[in-house]
Amino acid sequence: MANSSSSHAAPQMTPQPHSAEILENPLQTYLLGIIISICGNILISISLNIQKYAHVRQSQRGSKPYYTSVMWWCGVALMGVGELGNFAAYGFAPASLIAPLGCVSVIASAVISVVFLKETVRASDIVGGTLAITGTYVLVTFAPHTSTHITAHLVQYYAVSWHFLLYLFLEIVVFCILLYVYKRRNVKHIIIVMLLVALLASQTVISVKAVSGMITESIKGQLQLIYPIFYVMLVIMIATCAFQIKFLNQAMKMFDATEVVPINFVFFTASAIVAGIVFYQEFEGLALLNIFMFLFGCLLSFLGVFLIARNRPKIKQQDPNFLAMDKIPRRGHTDKVQPEATTYGSLAAKLMCNRAGQTDDS
């Protein structure tokens with residue numbers, strides 16, 4: 001009787017909080033996260049091309065600002081839905097897998113721009129798209145297929161672990177040094193700006209997965225919104241996203257988009273993978289072959305995105321009703337006055353082209 005009672009009592013023992021939360025992610029849930037992320041990235045690429053088309057059309061008409069266009073607002077709404085999908089995907093699949101799937105947005109954007117915006121297909125687009133698709137398949141196949149059910153107790157346990165505290169300390173030190181070089185020393189190099197964005201993105205990925213995971217668990221019936229750690233992560237998510245946008249806007253003003261897009265993708269993906277490994281321990285127990293093939297898939301995606309974004313032609317539309325000043329016939333002017341008119345005319349033409357290019361890039 002004693003043995004039987006002890007055998008019945010044994011399963012009722014409470015295990016450690018962190019070990020109780022680490023469960024194998026069902027295949028359906030894992031695939032759901034991948035599908036949501038891919039659909040979200042496709043919606044983002046569609047929205048960007050819709051906004052781009054709205055900018056081009058408004059610049060051709062030259063009558064109203066772009067934000068008065070219904071099409072532009074439709075693109076903004078689609079982008080919101082796509083970003084919401086990416087946010088939700090972090091609650092179903094590992095962060096180290098969701099982040100590299102961002103290359104789907106680059107591939108879809110290139111395809112849409114060729115089909116609908118009539119951009120030319122280059123050999124680098126075909127090669128880059130093939131590499132990116134192959135890399136996506138490889139990293140999805142060999143990515144960690146286990147995840148954790150994110151609860152408030154689990155996030156608190158991870159947040160005070162020694163390896164994360166060491167990682168956070170090193171990240172803060174590097175961020176302060178880069179910010180000092182960027183602001184005080186006035187070193188405006190693209191690598192410095194993109195590293196600042198990547199360091200912020202690392203904390204964004206951690207907080208986004210925590211918030212998304214706790215909301216998912218709350219929907220399933222285990223309320224997590226009553227714990228302070230949820231709101232701490234929510235504040236971190238909002239703050240890091242805001243500063244990321246700030247530094248990205250500065251980078252887009254100083255450098256060309258064909259440089260910013262691939263570098264930002266590589267740095268963001270690398271920081272997200274490191275964050276998933278350090279904070280959520282997503283590579284724990286993963287075979288060495290899987291780790292190697294996963295990183296190889298990421299490398300293929302990086303090369304593909306670089307080839308697609310490299311030297312991408314810009315669509316610059318000029319108002320067809322615009323007439324440069326040097327083309328306006330003048331009467332009664334001497335030859336000494338004509339060079340001045342030509343100078344102002346070429347300046348006006350450059351200003352119009354720059355304005356069209358800015359609306360296209362935005």
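Using the three backbone atoms N, Cα and C, a Cβ is placed for every residue, glycine included.
Keep in mind the model is a prediction, meaning the values are calculated, not measured.
Taken from TrEMBL, the feature transmembrane segment covers 30-50 (among others).
As annotated by TrEMBL, transmembrane segment applies to 70-92 (among others). Distant neighbours of the transmembrane segment (70-92): 25, 29-30, 32-34, 36-37, 39-44, 46-51, 53-55, 57-58, 98, 147, 150, 205, 208-209, 212-213, 215-216; these residues of the same chain sit at least 6 beyond its ends, with a Cβ under 8 Å from one of its Cβ atoms.
Annotation comment: TrEMBL describes 98-117 (among others) as transmembrane segment.
TrEMBL lists 126-144 (among others) with the feature transmembrane segment. Panel annotation: around the transmembrane segment (126-144), residues 34, 94, 96-97, 100-101, 103-104, 106-107, 110-111, 282-283, 286, 289-291, 293-294, 296-308, 310 of the same chain, lying at least six beyond its termini, place a Cβ under 8 Å from a Cβ of the stretch.
The transmembrane segment annotation in TrEMBL covers 164-182 (among others).
Annotation comment: TrEMBL describes 189-206 (among others) as transmembrane segment. If you look at the transmembrane segment (189-206), the same-chain residues 6 or more away from its ends with a CB under 8 A from one of its CBs are 90, 95, 99, 171, 174-175, 178-179, 181-182, 233, 236-237, 240-241, 243-244, 247-248, 250-251, 254-255, 259-260, 263-264, 267-268, 270-272, 274-276, 279-280.
Within the chain, the transmembrane segment (226-248) has long-range Cβ neighbours (under 8 A, six or more residues past its boundaries) at 152, 155-156, 159, 193, 196-197, 200-201, 203-204, 206-208, 210-211, 214, 260, 264. Residues annotated as transmembrane segment in TrEMBL: 226-248 (among others).
Marked as transmembrane segment by TrEMBL: 260-280 (among others).
Annotation comment: TrEMBL describes 286-309 (among others) as transmembrane segment.
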(Q) Take the C-beta pairs under 8 A between the transmembrane segment (164-182) and each of 98-117, 260-280, 286-309. Which stretch has the highest count? (A) 260-280
